Amino acid sequence: MKLYLLMLNFPSEIIQNYFDGKLSPQGKMPWIEYNHKKVSGTEFIIDFLEEKLGVNLNKNLGPHERAVSRAVTKMVEEHFYWTLAYCQWVENLHETRKMISVCGPFSDLLKWILCHLTKGIVKREMYGHGIGRFSEEEIYALMEKDMRSLAGLLGDKKYIMGPKLSTVDATVFGHLAQAMWTLPGTRPERLIKGELINLAMYCERIRRKFWPEWHHDDDNTLYESEESSEASKTHSPLQDFSFYSRTETFDEEGTENSISHTPDTDYTGHSLFDSDVDMDDCRDQEQCK
């Protein structure tokens, strides 16, 4: 939800996150309070803000694209979400416990209680949903199908629906980011950083655009800077991280037409990041000034 607000150009300093466990009157998260009015549920929050602010992040999408966008959003929110919850709170609980911050003399005990209470709630909710009635292998098989569907839909595009951000990107990134950065050593992390590398590139692209100061300690990916010379450019070994698994060169090496694409470029050699792509957005901002 925070990504969606940033996409609407809300200054990050006025977006306040509360992690006190308080739920909406419907017993759901996320929920927001805007000018003393509380709204819960991602879809209703988006509709509310678009009406109040007079904006529409899907304005560039046609009827068919909007339908696809909604279908993908619901697949992620109502299906893929539960497989991630299973990985986070059931199968990988010991790692999740390390990420929780609790202060006080009984912090370890409180973390243990919190994690096991959440695990029980997740298992109960998953059973009611239906997906929790499957075996561990079957749940992970469903997760992989969802991730492969997202990777296939994304392809070589910059964002899910094309060259511009839309609401579906806020949903997809919010879920894939968990596989990228909060589930170390798990199947979804190995999949997104290995075979489905375009999803990892997609997450990095959005991270750099909206959180340039965000650095992950376990991120051993090395990117080329504009200032670095050809002689000083080095890449992380393939076995360490799979961002370079899609690097290839067209034509014969050494010819003037040879093109090598890295995680920063598409097959034409053009950057996939925003500094040299969103020129229309930059022009619009300049005109507004």
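Here the Cβ of each residue, glycine as well, is placed from N, Cα and C on the backbone.
What TrEMBL lists as compositional bias 'Basic and acidic residues' is 280-289.
Feature annotation from TrEMBL assigns domain 'Thioredoxin-like fold' to 2-91.
If you look up TrEMBL, you'll see 144-206 marked as domain 'Metaxin glutathione S-transferase'. Summarised as a single figure, the pLDDT of the domain 'Metaxin glutathione S-transferase' (144-206) averages 95.
Among the features that TrEMBL reports, region 'Disordered' is placed at 249-289.
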By DSSP assignment, list the helix, strand and coil residue numbers for the domain 'Metaxin glutathione S-transferase' (144-206), in that order.
42 helix, 2 strand, 19 coil
